[in-house]
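Data first, discussion second: the structure below is written as C-alpha cells.
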Amino acid sequence: MASPPSSARPARIVVLVSGSGTNLQALLDAIAADPDGFGARIVAVGADRDDITGLERATRAGLPTFVCKVTDYGSRAEWDAALAEAVSAYEPDLVVSAGFMKIVGQEFLARFGGRTVNTHPALLPSFPGAHGVRDALAYGAKVTGCTVHFVDDGVDTGPIIAQGVVEVRDEDDEAALHERIKEVERTLLVEVVGRLARDGYRIEGRKVHVGE
Ligand code: GRF
C-alpha cells in the first residue's frame with residue numbers, strides 16, 4: 001500500500017481521542033513549534049464522548065471537534081459508519097487514534113484502512129486490549145513500553161511502525177508505570193507521525209517501510 005502524504009502540501013490529520021489527550025497535545029505542540037517543517041497539520045479532533053480534556057485541548061488550539069457516541073446509534077455498525085462519515089468530512093491523509101478507546105469497524109476500515117495509526121501502551125503483540133499496562137504489570141513483565149501501529153480489523157494487531165521500551169520497576173503500580181510509558185509514547189507518536197507525513201510509507205504484509 002502506498003502512502004498518500006509526502007507531497008508538497010502538509011498531510012491532513014484527524015486525531016481521535018477518548019480521554020486526557022496528552023498525545024494529542026504533544027502533536028499540537030510539535031506542529032506549532034515547526035509548522036512548515038513538521039509536514040502535517042491537524043484539521044479536526046473527534047471523540048466518542050463529551051466532557052473530556054482531549055476535546056478542550058483541541059478547542060483551545062482553535063480546531064473543529066466532533067463527537068460520535070456509540071449510545072446515539074442503533075447498532076455498532078451504524079456508529080462506525082457515522083464515525084467514518086464524520087472523519088471523512090475533513091478529508092484526512094492520516095487518522096491518528098491517540099488514546100481513542102473504541103475498536104473501529106468495517107466501514108471505517110474500508111475508508112481509512114492503511115492510513116489509521118494507533119498508539120498502544122504495551123509492546124505488541126504482548127498485552128493487547130484496553131488494559132495493556134495493568135496486564136503487563138500483573139504478568140510480571142520486566143520491560144514493557146508502547147507500540148505505534150497501523151489499525152487493522154483485529155484488536156491491536158495491525159502492522160507495527162515503531163516501539164519504545166520502558167523498564168518495569170518493583171515499586172510500580174499501574175498509574176506510575178502508565179505515566180512513564182506515556183512520556184515515551186508521546187515522543188514516539190510525534191516522531192512517527194512526522195516521518196509518515198514527510199517521508200511517505202509502504203505497508204507490505206506486516207512490514208511498514210517509511211521513507212523508502
Ligand atoms: C495512552 O497511553 C494510549 O496508548 C492509551 O491511553 C493513553 C491515552 O493518553 N490507549 P492521552 O489521552 O493521550 O493522555
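Cβ coordinates come from backbone N, Cα and C, glycine included.
Those TrEMBL annotations? Automatic predictions, nothing curated.
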Additional site residue, ARG60, ARG76 [criterion: listed by TrEMBL with MET101, LYS102, ILE103, VAL104, ASN118 for (6R)-10-formyltetrahydrofolate]: ARG76
Largest tally of Cβ atoms lying within 10 Å of a Cβ, found at which of the recorded positions ARG76, LYS102, HIS120: HIS120
Lowest local Cβ density among GLY21, MET101, ILE103, VAL104, ASN118, which the record lists as binding-site residues, within 10 Å: MET101
Cβ neighbour count (within 10 Å, all chains shown) around ASP156 (site 'Raises pKa of active site His'): 21
Cα-nearest neighbour of ASN118 ((6R)-10-formyltetrahydrofolate binding site) within the listed recorded positions, GLY21, THR22, ASN23, ASP156: ASP156
Residue pair ASP156 (site 'Raises pKa of active site His'), LYS102 ((6R)-10-formyltetrahydrofolate binding site) - Cα distance, angstrom, rounded: 11
